[in-house]
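Now, the feature entries from TrEMBL:
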TRANSMEM  78-98  transmembrane segment
DOMAIN    230-291  domain 'PA'
DOMAIN    620-731  domain 'Transferrin receptor-like dimerisation'
Amino acid sequence: MEQARSTISKIFNGEPHTYTRFNLTQNMEGDTSQVEMKLSSDVDEEVGENGVGDNRHHHNSNGRPYMVQKLQRTPRNLCYMACGVLLIFIIGFLIGYMTNKKKELAPVCASSISVVNDDIPRETGAAPLMDWDDVKKLLTEKFSAAKLEKVLSEFSHSNHRAGSSQDESLANRVLQRFKDYGMKAWTDEHFIKVHDPPAAGYNTFVFKNASEERPRGFLSYSAVGSVQGAVLYAHYGEDNDFQALSDRNVNMNGRVMLIRAGKISFAEKVANAARMNASAVLIYTDPSDYNIKGDIEIYGHVHMGSGDPYTPGFPSFNHTQFPPAESSGLPKILAQTITLDMAKKILDQLSGSKRPDKWEGFSKLGDETDVITVNVNNVLTEKRIHNVFGVIKGFVDPDRYVVIGAQRDAWGPGYAASTVGTSVLVELARSISDMVKNEGFKPRRSIVFASWSAGEYGSIGLNGFKVAASPLMHTLIENTLKEVKNRDGILYKQFAKDNFETNIVEPMRMDSAAYPFLAFSGIPSMSFRFSPDNSNYKYFGTMQDTADNLNAATSSQVPQLAETAGRFAGHIALRLVHDHLLQMDVMKYYKVVRSYVTKINGRVKEVLQMRPQLLPKSLTVQWLISATGSYSRAAQSLQNDIQNSDLEDIEMCRLINDRIMAVERNFLSHYVSPRQSPFRHILLGSGPHTLKALTKHLDALKTNNPEANAELFLNEFALATWTIQGCANSLAGDIWSLDNEI
């Protein structure tokens, strides 16, 4: 994605396309501000009767904070269709900060028309471009199921694994489509390192001296080698599953964990097992989660990160000579997928203690006599991949853009994982291009259509409905559901049932295509899924992800469901490039932060009461509460500025939009290395720097867990506090708008 941004910026600035290392470091400075807030009862004791912190009139003499962001390297998986249809849709709205300083502010001028090199009239003033109702109507007319059917057939292929000739052929086909639509289109070529199954031989395991099993599925980026250990059933491999085993005093050292797929990503399962000092992980599909045949092989990756793990913190530049380096997210233990039939042979013979009552599945956990030998012989290979881009330039703010994309590669046929998503992407590109060329639609901002490869390796690329998104986008998503229709009526009435957050919103998983954009790069992003008959499509990551199976799961309604998903995605993208001011609700994050602060405040009191020797008696949550209040005050101030803004003032609109877009980026902790902790978002990321980790750390201190470290907690607690305060300072805008009384 960094490579793409650099290239896109050159297009907008009229510069030639070259490969350049793109390193974005943005400093955000600002003083602290006064607190006005009211938290829940657990926090009231700290903030006082009127919700104003005790330190309201204290001054901070420390230097101002700065925020540093290094954008993600080559995420290759933006969106894919599944669950008849599951469409993972990414909106990465990259506001500014990539162009030259002389380009930062658009000229403030009267409504006028100028002509640029592509002979399309472009407005340089702030005149209305097109009524929003007309934009919605045009998209509905242009984007239809009938037109999607032909595209679905064209992009269907029996095999298009990343780096294969079939994948390259599909890339060229997408590129030609973009050119045919009159878009500025290009291809970026990258050389990446991935694991493939052994070219000669097999990955194997032998349980209790039975015959050797040879699974064909595999997990890219597993450690390689051979280990022997006793099997231990660990349910889904979540933190609470391993905690349940620890509470039973189960010895996990050197064990081979047998874990069922689902709930969290493969990478998280393996990372959790590694923390328990396991020697290997075997992952299978349990029939209660996956209604598929017992001999179905599954595929995936176990890199606890994003992009090429052998160029951590950077894109996969073409044969750049990096010093030898590996991502900290690469596992040190073996990991392998096995079929359900293989898993049953193991589970049926396990002895030992009974599983916890809340766990589903087989009854025994396994003991030291259930010995298994696991061999993983995956081969590290280099592949050439192609990412394809097409741009519709904006007429007012061309250097601000929305990214819409789709994963193009798959382990096998990948009909749901890639074919449908690629088809929707191409058809949306055609529809919106036609709206611009022939219908008079003039987007204020640019739209970038992207077709990524190597998504299967971890972003190197009447139906149920769920969405996972940045809280900034929740209001926009809710409003969109109230406007978009399908054959059964308004989407909001079908799915939300008058409770959007309960029935629609779900947490964003690490294996979501949107996650790296949000948690690594600080770009407001979203993913959503339609699932037929409230069930899940079971063939992701298998060779059975075919057109026949997806049609069977959707009663042959794939084009119709793709139409609904595409209209929803297109509606959101068009709204973001049409309006003068972005529909991003900065107050949504205040609710998230406030919830965590309430939990942390209560847990700190409990630790001080139960184990006072672990934390300083002087420890207070007051500064965290005050920083949260600063954010609330800044968000309310922004809302007031929006209410009083003049939409005809281009400079004012750009400045307000920049303040909105800075929120997501400024929640990235600039106190941790993107190489060691790539998902730096303190609210939605992963690692000890997150507010979620702080609450867990306090729980560990409360129970005197040997892994708890009071000094580490205090350090992360202070840094998280200042990250929130820095975000509030940036949101407040100009330095003279800051209140210096915190």
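Including glycine, each Cβ sits where the backbone N, Cα and C put it.
The model shown is predicted, which means the values in this text are computed figures rather than measured ones.
When pLDDT values are averaged over the domain 'PA' (230-291), the model yields 93. Residue counts for the domain 'PA' (230-291) under DSSP, helix first, then strand, then coil, are 19 helix, 16 strand, 27 coil. With DSSP classes pooled into helix, strand and coil, the tally for the domain 'Transferrin receptor-like dimerisation' (620-731) is 73 helix, 2 strand, 37 coil.
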